[in-house]
Structures are given as C-alpha cells and as structure tokens.
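Going by TrEMBL, these are the annotated features:
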type	residues	note
DOMAIN	18-449	domain 'DUF112'
TRANSMEM	12-31	transmembrane segment
TRANSMEM	43-66	transmembrane segment
TRANSMEM	78-98	transmembrane segment
TRANSMEM	137-159	transmembrane segment
TRANSMEM	171-189	transmembrane segment
TRANSMEM	201-222	transmembrane segment
TRANSMEM	326-353	transmembrane segment
TRANSMEM	365-386	transmembrane segment
TRANSMEM	398-416	transmembrane segment
TRANSMEM	422-439	transmembrane segment
TRANSMEM	446-468	transmembrane segment
TRANSMEM	480-498	transmembrane segment
Amino acid sequence: MLDTLLQALLSILNWQHLLALTAGVMIGLLVGSVPGLSGTLALALMVPITYSLSLTVAVVLLTAIYKASTFAGSLTSIMVGTPGTPAAAATLFDGYTLKKKGEGLKAVQMSIFSSVTADMLTDIMLLVAIVPMTALALMFGAPEFLILVLLALISVASISETNTGSLIKNLISGLIGLFIAMIGMEALRGSPRYTFGNSDLLNGIDIMVGVIGLLCLPEVFIQISKRFHKGNEKSNASLTAGGEKAKGLSWKEGIKAVPTILRGAVVGGILGILPGAGPSMGAFLNYQIEHQRSRSRKDKIKVGKGSIRGVAAAESGNSAVSGANLLPLFSFGIPGDAAAAILIGAFMIHGITPGPNIMESTPEIVYAVIFSLIIANLLLAPMAFIYSKFFNIIITKLDTAILYPIILTICLAAAYSIRNSMLDVALVFAFGVAGLFIMKAGFSRVAIIIGLILGGLTELSFGQTLVMGEGSLAILFERPISLVLLLLTLIIFLIPFITKLSQKKSQPTSESEGINQ
C-alpha cells in the first residue's frame, strides 16, 4: 500500500499534473466568482475538452476547478453582496456586512483560511477512509446495491428539502431520471427500448448530454434574460468601504475561529457522504449552529451582524463537502452531488467505472486524485488571495452581453463533441428548455441527473435480485446489510415529515410567547 501511495504522489508531482492543478484553480476562481456561473457549469464544459488528456490529468484538472469554484463564490458574496454560487449564500450575511465596515480584506482572508483548512481535513479523511469503505462495498451484492440506489434517490429528495411537497416532486424527478436511463438497449436481453426507430438512440442518452442540458443551459438562459431586462450592472467590489486602509485578519481572530472551522469540517464531512447534501447544506447547517452558539456566548458582534466567525462557519461548512462527496463515488459508484456526477462521467469516458472494484484495479488513480485535492488546496490559498486583489477590475469590466452567448455556444459545441452527433446537440437544447420548466415547477434537476446515472445500476441489480430471490423481493429483508440500509432509507425518508410536524408544534408556542411579551 505504501508503494502505491508513493507512486501516486510522485505521479502528481510531475509538471503535467501541476500545470493542470494550477490551470484548474485559476479557471475555478474565475468561473465561481461570476454571479450566475458555477463550478458545475465549468466542469460540464471542460469534460469534453479532457477527451484527449490522460485520465489522471483530466480528473486532476476537473477536481481543481471544483475546489476553487466552491470557494470563489464567497468573493462575490463578500465584495459585491451577490453570491457567486448557491454554496456561498450563507457567507453573504456576515461577509458583506464586514466589507461595508471596511473589513472586506479580513473577511476574504478568513474565508480562505476556513475553506482551505476544512477542505484539507476532509481530504485527509477521504485518504484514510477510502480503503475500509471499498472493503465494505465489496461485501455488497445485488440486493444491497438495489437498496443503495433507493437510498441515494430518497436522500436527494429528502435531505435537500424540508417540506413534503418538494419531497414528492424530487422523488418524481428521480424516477424521471431512471426512465431517461432506460432509453437504448436493454441491459439484460439486449433489445432496443424507447428508441422510436432512431439508431442513434441505441446507445442511450449520454450522461453529459443530461448534465449540460439540465444543469448548464437553464442557468445561461436565465442570465441572458436578466441581461436584457436589467442591462450590464456594475458593482463596487473594493475590499474596503472607502479609501481607508484595509484591515486584515489577526492571529487572535484566526485562532478563535478554529473550533468553528473544525466543526464545519465534521458537519461538511458527514453531509458530503450523503447523496443530495451538497455544499449549500453544509454551509447553512454549520452557520445555523454557529448562530445559536453566538447567542449563548453573548458575543459582542452576533453572527449575522458582521461576525468573522459567521464567515468561518459558512465557508468551512461548504468547502468540507467537496472532499467528502468523493467517498461514495469511489466506494459505491454513487455520486454525492452534481459535481461528483460529472466526475463519474469523466471516469467513464476514460474507461474506468467508479465502484467497489476500483481500489483493486486502479488504486494509484484514486490516490492520485486524492493527493491532487490536497495539493489543489495548497495552491488555492495564495492564488485566491492574489485573485481577490484583481477581482474588482475583473467583475466591473466583465460584459455579460458577450460572456453568456459565448458560454451558450460552448455548451452546444461540447454537446456535439461527446459523440459527434447533432442529435446530442438537439437533446441538450431540449433538456435546456425543459430544465427551465422543471425549475419553474419546483422539481429537482439534480435528482433527474442522479437518476440518469444510477439507471443502469438499478436495472442490473433489480434483475439480479429477482434471480437470486427466485422471482421474489423477500430476499431484501433476509440479508443483514440490506436490512440496515432499508432502515436508514426509512429514517431519511421520514425526516421532512418529522421536521414539518415539529415546526407546526412550535408555532403555537411562539405565538403565545409573543402575546405574553
């Protein structure tokens, strides 16, 4: 094992991988800091470009983009008051308030420190946990994988929403994804299905077609629409409120924030393992915990009113997820979020399917990716600080009237490059238009993508389970691991109902307290 670790580390330290890491961090910082763009969009557009690269260089580039873009959204939250990414929304509350007080530099430095520290801790957790997790995955048979798919879909539906209406819509979204995955050749018998006589559909709908169409194009359409309605708005993104000297982060403030950052690493690490719980949930959950602790500590500056600990809580919570969400990807082949789903597509393009056998077939690839995550964090700290100095120039000079049409063109070109098929271009455009209606109706695009990815595994494990159970699904209740997974699935499914019930019970109490006061 030590030989494999050393081999992976040495392979990452060659100039090609270091160049890919540096380029990935730069691209992620630029894309993530532009409101309306996201790391998911950058990843989806870069995957076709990586076709000609080796697997490790391609994945190293993509993971660096994801790492940097997750952080970069905090720059616009702090300096402009507009989250660059959904994960940076919680940073806005305290970060922008600090900027208006003339302490924007302090907020940026804290966001860098907390992001890099929490992310590094979960990357190390990934390095330590990958072997036992894949060993556990090897104990799984078809019944366990069938329930694991169900668990993933329920998690996406339940964890990301707290009301039963959205739960039902998200479950329907997952089923839509499973249905789309059924288009093409049937896995068990090899007969065509839902192809309507079109030979181009025999190979099914490519994952990247769904990703670009559902996740990227709707965002581009929305931003172009905003541009026509509001024009190209300019913002003051200076680190200070006026011409005064910027106040930096002190050692004392950094040390005081360490417990908050460590808690963010734990919260984000746990949430990252669960499918559907992305960086946004990690940020808001840790921020909410810190908000409650701020009240109990009777802090001079409360969280939400310009507290530096509020920035640390939000940034550590969202960044910690981006390392942990690769654990279910490598161990079980289950994506934790949309970005992990794109990485699965990148692996498959290069002939490797993430799952229980990946540590036996290509362990050096897995370790190389993990080491690249750690090195990307080390590069992110200085590069993010330097980038923040030039951010004001970039954000005020950027003309969205040119930017978003270019991105739309790149999306369609990327769709064609997947299989050199105009059908894929048409499908991407159709998915993009459908994505707008899906968002409007309150359904989950991420759930559809995860359903599309898991469709093949679902069908295969379902067929094998029926064979093992001689036509009966009772075998699901006869195996210890499958029973544990079923119980966990039931608990996660009930979370929104329990949350809604507890909220209803607390409302009368709150109203009576208000009357007494």
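Note that Cβ sites are derived from N, Cα and C of the backbone, with glycine treated the same way.
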For the transmembrane segment (446-468), sequence-distant contacts whose Cβ falls under 8 Å of one of its Cβ atoms, 6 or more beyond its ends: 141-143, 145-146, 149, 152-153, 156-157, 160, 170-171, 173-182, 186-188, 205, 207, 210-211, 214-215, 275-276, 278, 333-335, 337-338, 341, 344-345, 438, 475-476
Whether the transmembrane segment (365-386) meets the transmembrane segment (137-159): three or more C-beta pairs under 8 angstroms: no
Recorded stretches the transmembrane segment (137-159) and the transmembrane segment (171-189) touching, at least 3 CB pairs under 8 Å: yes
Which of 43-66, 326-353, 422-439 contacts the transmembrane segment (12-31) most, counting Cβ pairs under 8 Å: 43-66
Positions on the same chain near the transmembrane segment (43-66), where near means CB under 8 A and six or more residues out: 11-12, 16-17, 20-25, 27-28, 31, 208, 211-212, 215-216, 322, 339, 342-343, 345-347, 349-352, 365, 368-369, 372-373, 376, 379, 407, 410-411, 414, 417-418
